[in-house]
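K.L.:
What TrEMBL records for this protein is below:
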TRANSMEM  20-44  transmembrane segment
TRANSMEM  56-81  transmembrane segment
TRANSMEM  87-110  transmembrane segment
TRANSMEM  122-148  transmembrane segment
TRANSMEM  154-176  transmembrane segment
Amino acid sequence: MEAQQTQLVQQGIKKEGFHITVTQMCITAVFMALTCVATMVVQIPIPLGYAHLGDSVILICAFFFGPVVGALAGGIGSAMADILTGFAVWAVPTLIIKTIMPIIACAIFGNMKSKFDRCKVISVKGIVGAVVTLLFMTLGYVVFGAIIAGSFAAGLASAPGLLLKSVVNMVVYLFVATGMSKILGRNNN
């Protein structure tokens with residue numbers, strides 16, 4: 001029994017179709033921290049919240065490590081940032097939105113199963129995946145903003161700031177992911 005448990009830990013943890021290796025756990029923890037820090041370090045106030053660079057980290061994580069690592073790192077890292085910076089009321093909506101974002105991105109990138117099957121960063125799939133993901137994030141925060149503020153107009157007031165934040169995060173994602181692809185030798189440009 002102990003040998004079997006040791007073998008499971010060495011190969012990764014597998015239970016009912018969910019499989020994550022120890023390496024993936026470590027990568028998830030690193031990207032969770034990077035997402036949290038990127039969200040906390042630069043905060044520009046917008047109606048009902050703040051703009052930050054955390055979404056670019058979520059897209060990078062999803063592109064290179066897939067939907068499971070991206071969802072865990074994005075959801076938990078972003079929710080931690082909200083709690084730590086005094087926006088705890090947004091923690092649950094953030095957890096929901098940022099967990100779904102990498103799943104949408106990976107479905108469009110084409111790397112739901114294999115990270116080696118993914119598209120190039122600068123490609124139709126790479127750009128459309130990021131744009132659709134960031135539009136989903138904007139819509140999610142407008143809806144949750146309307147619920148939290150009790151007014152659809154208040155939720156809608158955050159849309160311009162969220163869209164501007166999305167453009168900045170898109171540019172950061174494209175530059176960093178392109179550079180990382182070249183460094184990692186994946187020939188994705």
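Placement of Cβ uses the backbone N, Cα and C atoms for every residue, glycine included.
Automatic, uncurated: that is what TrEMBL annotation is.
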K.L.:
Which sequence-distant residues neighbour the transmembrane segment (122-148)? Criterion: at least 6 residues beyond either end, Cβ under 8 Å.
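P.N.:
For the transmembrane segment (122-148), the far contacts come to 47-49, 55, 59, 62-63, 89-90, 93, 96-98, 100-102, 104-110, 154-159, 162-163, 166, 169-170, 173-174, 177-178, 189.
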K.L.:
Can you work out which residues elsewhere in the same chain, 6+ from the ends of the transmembrane segment (56-81), have a Cβ less than 8 Å from its Cβ atoms?
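P.N.:
Residues 18, 20, 24, 27-28, 31-40, 91-92, 94-96, 98-103, 105-107, 109, 111-112, 115, 118, 121, 126, 130, 133, 168-170, 172-173, 176-177, 180, 184.
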K.L.:
Using a Cβ cut-off under 8 Å, which residues of the same chain at least 6 positions beyond either end of the transmembrane segment (87-110) come close to it?
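P.N.:
Same-chain residues near the transmembrane segment (87-110) but 6 or more away: 35, 49-50, 54-55, 58-59, 61-63, 66-67, 69-79, 117-119, 125-126, 128-130, 132-133, 136-137, 140-141, 144, 148.
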K.L.:
Taking residues 6+ outside the transmembrane segment (20-44), which of them lie with a CB under 8 Å of any CB in it?
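P.N.:
For the transmembrane segment (20-44), the far contacts come to 9-13, 50-54, 56-58, 61, 65, 68-70, 72-74, 76-78, 80-82, 84-85, 98, 161, 165.
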